[in-house]
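For C:48, C:54, the entry in TrEMBL reads NADP(+) binding site. The FMN binding site annotation in TrEMBL covers C:125, C:126, C:127, C:235, C:236, C:282, C:297, C:298, C:299, C:300, C:301, C:323.
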């Protein structure tokens, strides 16, 4: 159960609102004896942090994480790990307009319809600030599966696809873009979008290397299913693909085949000569690279007036001033990477439980 | 937990292999007092049943469902409902080849890597026969949410999209296609594919009308997340979209907006003038039509030889003779519809628990 | 979730009513590769079976178990295992009286209050026939923890305690009694009770040897908690104890201490010189014998008239003719043993997941 | 899952160690719109707080609770509620002895056996300080079921039972004792025990009035089972009873009967003329008072030397100086009350989900 929890064995529960005093996460099921300190988590939060360049929201949060439990003398104890991040930049602002009107595309109306009222300050619980908690949990997940290498990047922005993959460019990229030429185009596009008070969508891809064959499970705990649920829980996500995804639906069986050959040495696992499947078969990892993409819609906070209604049901219009990301997909990269880490750590523990 | 279960409150657990004596499902959490008999379930199984026309596998299964528990004097009692379907057409066949070789694209290698061995007869647990159990459970879910109307159809086959939506054509369509012209093209394509021993992929869409605003929950029980997990658990699924999905990532905030207007009468819920979001905001239903699409890869069973390895790691090739669907996407329609019903029934009970 | 499921990793779901066509259980999470056939399960069902001597209900059920899934070529595959037992002796009987009146002490009124109606035939889902499903699942659990030895016995019947423990007497005992003298007294007592149409309660103890230190978990998955939940779910259970249980509450800290000494050889685990705790500390096994007792009330089905009400709220009286156990505690022994096996198998898999 | 979580729909997750910076709880599933502020929680923490009189440990903790999320403008929002309590009195102490030796009866050895090492400061996660988090969560649970009245008291201390129930005495009792004469005896006994550096056990009873018929569920979510798991998770708990509990096992069916009569007015629910069952039948509430008792062992921290071993397996002895409760059962009263509230709130939401 638990609406605010994810994972089966490696399970985390997040809490906190955009403008509350703090946000955090409790990680349960972490194996004992893993070296862990705040310095293992902070870099991932820093990578996600807003306000780092002109392409992301100007809210400035230090996002300093504190470990409150579950770690003793620098190692995980096997008990619940509590992480907390204080909210600092809760800019004093007049929220009466948001309180009274529903912002189209945001969760405002849906929350009111469900709960009868809502914490309207900065979106409350529906704010993407919640993703800081996931990124923190994801940093722990990474330590549970040390052999797995994760790489997240933006593969499409505003409908413009990256054409090549220069991994070394990623470190210096301000947009998590592995294609230097595409990054130039995207920056130019984002500058326009930002000036116009508009927004664009993006597609983020996460690659996982080093996942051994055998993680994941039939039928409803398929690795594909867990990844789909994880990625679709990210704010603004509207689509998920594993491997070739929707493109696979346009291939023939011959084109989509992932042939296998014997491994280089006797006893080695087989080698695949293609990876249309994205690293899974029957919901279980095959030892290939796990490939997952998530589509993020353009943020609904735009300067143009959009028709809406008030809480009282009167016609009105909404336009969003203030600080917002022109493309939420950019800051979704560390979040999607974290979700991949969390799903894989969970799958690893599940596999170990059943298969030793 | 539970690898073979799905749902939180309205929860079902499936069991059974392709060539075992039977398959079935236990549905837990069903509200009491709902009229239910085998005749409420059988039509959905009949719609999914193989061997009904030349476009689906020629395995012939009557798929007669029996209710073994949880129903008394024609009404659900609130206790666990057990449904069983016997396997009849387990054609006696020599499985020694499948036993010894890994069929590329199938779960053969992954199961062996995970479990050390596998039930190789017809794919065992990884066979799409398991979906009969879901369809049966879905028939019960429909009765839990009687105000919701569900419609599943194929929107793309082999890369060829349906262009129009003639709902009345669906009933007579052999391919769950609402576009009569597209159906003609698709049949021709499928005949070619079948003769060539090849296969094609498809995209299935499910629409749900009558879902009130307020179902679904933040953060990890978002309706979008639950649907993504549900759809991605279907055999051959490699992508899921809610609303505009990946296309939304190519829109601007203005293009993607779903404006709201006051409802027709005072006190009415607001009216949306677009539905890019596919009926959800913040993971919660908005009262609009819920729209979900799932991409199905072409079946990996093809007549062409594909390189593979034996269980012993020797190079070999695999080609699939025998009865198979040229496009598994067609028979996925009733399954996807059932999964939508199951997710919505669950969301309804969850909502009622928390919000009364 | 799931009202009809138990366990976290080794998880089972039961279904079936007293007078339905069958009952069964789906076991999920069983490790692959374990030798399993119906002959591994049947002896435990035979031990629980009613009608074997004059001290248990005269309902005659062969309780033949069938494995319907999850086993291939004599070994578990790692997928869901479905077991089914057909109901045979559903004696044709007039249930109109039970339908119209609430039997005090039975679940009749509570079910009606909860669900609005009930399957009144033989108690429906509240019948102890459900425990056959647990015993079947427990037989699988035993194979998951082959090093653990389980022994269940009746330690008190009608307030008369067994004084000594002659394990070898258990095999021939008709009452699961390890004290030959007590058995003589108990039989005499039960004959009186049966003739008088009365009933008596009992206390059942289950001992588990060979449980290594480290199974179980803080805080809410304590081995003690899991055992308490498991035992209290048995029909007629009203109390559970671990180790000295309520007697420990009457001891001083000195009297209740379980001193430790070094093991016989260097590197050996410590040896405990007492076991007041019943094999756990902080919810985790210590390597000692795990000791659990469950108190079963006398069955409420008695020949004496008891005041009651009809479904319509009219005053009435109820007296139970027909076949019933004079002491349900006797047949609870194999059930309590099975629950211990199920809890330990689950704890083992949970431990392996987290601690490798 | 989740070792540190409890509850199905109303679910809470605790974190924190005895000597960490803080401890806390995340409550998930709370209905929206419930008035909640820190002042609703603090009195229950104050009642549990140590150091209030000479009969409990002299650790002095203010146990000030902070609400960090899930509440907006004084009402619950339906999202996860995070509560935190800082640890203040972490007396600087030399823990090298506890680090190196296993205290018999404590979790020291079991934690080491399971996890390979442990946070030895004050027992770490196994400390009863964790129960502060439950008490805080329980305060929220009470507001979910406002019609239910809860009363916890000590019914037996050191084997000496309270003989009468003077509810009005409870408020002024320092020992949660409703029998003024027993309290005099118990105080005298506790003074002796404390001076001797010994300890005694206790039995705590919790009564719940106002629980309507129909809460709880067959088979594995029986109210009895949930209560058993909840109570057995309390530190030092070794036994649980519902209603007459173990005493019921010594009654005949006639003695144990709970007769029913028509309610006072037409349409009223039936009236029971006895309550041996403790308010449940078939695991479902009957509308009677719910009665649950839990046996707490004497604390293992005593001044007498007890044989033990070091971490290195050497023989040693342990005697506990320092601040400890002579009877942990006293401070268990607010904890047991909280667990009853938590179980009932959960059962209420579960019932509402399934039965509307």
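Note: Cβ is positioned from N, Cα and C throughout, glycine not excepted.
Structure with TrEMBL features highlighted.
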{"residue": "C:48", "record": "NADP(+) binding site", "Cβ neighbours (10 Å)": "25"}
{"residue": "C:54", "record": "NADP(+) binding site", "Cβ neighbours (10 Å)": "12"}
{"residue": "C:125", "record": "FMN binding site", "Cβ neighbours (10 Å)": "29"}
{"residue": "C:127", "record": "FMN binding site", "Cβ neighbours (10 Å)": "21"}
{"residue": "C:236", "record": "FMN binding site", "Cβ neighbours (10 Å)": "23"}
{"residue": "C:297", "record": "FMN binding site", "Cβ neighbours (10 Å)": "31"}
{"residue": "C:299", "record": "FMN binding site", "Cβ neighbours (10 Å)": "25"}
{"residue": "C:301", "record": "FMN binding site", "Cβ neighbours (10 Å)": "23"}
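Rounded to a whole number, the distance between the Cα atoms of residue C:297 (FMN binding site) and residue C:48 (NADP(+) binding site) is 18 Å. The CA atom of residue C:236 (FMN binding site) is located 20 Å away from the CA atom of residue C:54 (NADP(+) binding site). Residue C:48 (NADP(+) binding site) carries a helical DSSP state (H, G or I). Those binding-site residues from C:48, C:125, C:297 lying by chain D, with Cβ under 8 Å from one of its Cβ atoms, are C:125, C:297. Among the binding-site residues C:54, C:125, C:127, C:299, C:301, the ones with a Cβ under 8 Å from a Cβ of chain B are C:125. The DSSP secondary structure for residue C:125 (FMN binding site) is helix. On a Cα basis, residue C:54 (NADP(+) binding site) lies 17 Å away from residue C:301 (FMN binding site). For the pair residue C:299 (FMN binding site) and residue C:54 (NADP(+) binding site), the C-alpha distance works out to 16 angstrom. The distance from the Cα of residue C:297 (FMN binding site) to the Cα of residue C:54 (NADP(+) binding site) comes to 20 Å.
Looking at residue C:54 (NADP(+) binding site) and residue C:127 (FMN binding site), their Cα atoms lie 20 Å from each other.
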